[in-house]
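Worksheet: the structure to be examined is printed underneath.
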Amino acid sequence: MGSAAAAAFFLVVAVNLACSSVSGTVVSGKRSFSIDYKNNCFLKDGKPFQYISGSIHYSRIPQYYWKDRLLKMYMTGLNAVQVYVPWNFHEAVQGVHNFTGDRDLEHFLDLANQTGLLVILRPGPYICAEWEMGGLPAWLLQKPNIILRSADTDYLQAVNNWLAVLLSKMKRWLYVNGGNIITVQVENEYGSYFSCDYNYMRHLQTLFRFFLGEDAVLFTTDGNTDREMTCGTLQGLYATVDFGTDTNITEAFNRQRRFEPRGPLVNSEFYTGWLDHWGDQHAVVDTQKVSRVLGEMLTMGANVNMYMFEGGTNFGYWNGADHDTRFRSVVTSYDYDAPLTEAGDPTEKLLAIRDVISQFREVPSGPLPPATPKFAYGFVTMKKVGNISDLLSTLSPLGPVKSKYPLTFEEMKQYYGYMLYRTMLPRDLSEPTPLISPLNGVHDRAYVSINGVFQGLLERDTALVMKVTGQQGDTVDILVENMGRVNFGSKINDYKGLLSNLILGKDILTDWKIYPLDIDGAIASGWPHSNSQKSVRSPQRNPPPGPTFYMATLQTNSLTWDTFLKLNEWTKGQVWINGVNLGRYWPARGPQQTLYIPGPLLSATQPNNITVLELEGAPAHLRVLFMDRPQLNITAGKS
């Protein structure tokens, strides 16, 4: 640190530590939380307050484990948690709201309150979070020209309806109303979005004030650049910044000061780790760097939220994706190299953070809650159920929609998972003939079969052509996988399915039968295990390539401990345990090799139903392995 930087650093420290000498007065019995612009700090009940917080996403952790994770965060020395609310998690179908079970946000807030943790709420409506479409519901895309995250009329109407439901529920949880929510973020890193629409931000500000009242502390969070802070901030919303371990802290907080000359220093996302995409090296952030930078920020009197403190899991289809030069899907594990692992276990990083925090505030005495027990249940051999093309009466009970040209997932009102497009070869193809997606219209992967025989695949941005042979009238089945919608940047209007025509040689393929697939509904109802006598076929020596279902059961011998499923030599697909969608596996691309299975999903007394949809090719041994530890860091190359 040079002398000028050192002088700036100590100036900021001096200004912010002045806060600690303030003595506030409180009206007896009245709770308050506010910003002290004179002394550059928050005031809680009239007294200077500095939060040390960690991000935790209730949508990525089974409800059964919420209390365990919150207690571990509290015992680390945190006095607050930061929470995103994913709109699409609660309103997957327009107008139908779900706040039960794993979606019971108020129960989560109550548990945090019981644990002694304040809450920094981030209700969006957009959240990013490496979550499918940044938390926005895909049904918004039924309006083909909608401009998301703007003052677009259709978008604002949907936002108004949602926030009227959500914020009405949240008002009683504000600290000033007896709850534990101290601050509420408006939108999320809006400065990184192209539209820079101040009318949109003003509209949100008005909505938040209407539902939460004038006393609620509203804030924005933006990346550490002038452009992002310019477009993401708005007068009347307290401007905060986010940055990681490789940033010059003084410069970052000086940037916050240019947009917010007085008030507390706040890093709303201090990155303890990072996300993984399929095909990446597993991201790791050095523990010593995290400890050092955290200590420096706390010394300055800054308020810090660590993103993430526990990452959790992108169960089901909830993972997001990025699109910079090409589409890159986020892996199922959201471990994030965070202080608590995906399975909620304390790490060396957590212990180092606890040591740092103990220098600034009293850390609760007593040992940390232990890691949840893990068990290696061993090998299970799967049995083939059938090729997906042969199971359409079960998986698509309403049958196909006929259309001359392909329809998207959104037009079919099936927003997640898989759909099957069927047509016929228009002529004999004696020579291998190119099947092309000339407008890069496969979103995101298409598995192509002719007369039930797998031919290969097309993939968004990377594989736009393949070759096929066959006879006129042969059945062409194209199973299209939605790999998760883009959650960041200008490409969040991410339609799925076949977005444009496929061309075979010189012919445009037409006259499609499009099958929406309710795979999750069928499996949740007990299929394929419930009718296994008629479904399971005699095993073949080599499993056929292409989209195929497999099933088995796991006996746990009275133990229901957490475990990790490894699909060694399987290629790519989806797994369900007892009807619950665990997420995607793709060991052929990596780096994630195991899927986390929370113990509460397992039965101690009944056989546990395992269902696998393998999309490309299963190994001859058909074995899967239940392990007592994860493998998240093996990149196997392209598949």
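Glycine too: its Cβ is placed from the backbone N, Cα and C atoms.
Whatever TrEMBL says is automated annotation, not expert-curated.
Per TrEMBL, these features apply:
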ACT_SITE  GLU189  active site, proton donor
ACT_SITE  GLU269  active site, nucleophile
DOMAIN    42-359  domain 'Glycoside hydrolase 35 catalytic'
DOMAIN    406-518  domain 'Beta-galactosidase 1-like first all-beta'
DOMAIN    547-605  domain 'Beta-galactosidase galactose-binding'
SIGNAL    1-24  signal peptide
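For the domain 'Beta-galactosidase 1-like first all-beta' (406-518), the number of residues in each DSSP class (helix H, G, I; strand E, B; coil) is 4 helix, 57 strand, 52 coil. Counting residues per DSSP class in helix, strand and coil order gives 3 helix, 27 strand, 29 coil for the domain 'Beta-galactosidase galactose-binding' (547-605). Recorded residues GLU189 (active site, proton donor) and the residue listed as 'active site, nucleophile' have their alpha carbons 10 Å apart, per Cα-Cα distance. Per-residue pLDDT, averaged along the domain 'Beta-galactosidase galactose-binding' (547-605), amounts to 97 for this model.
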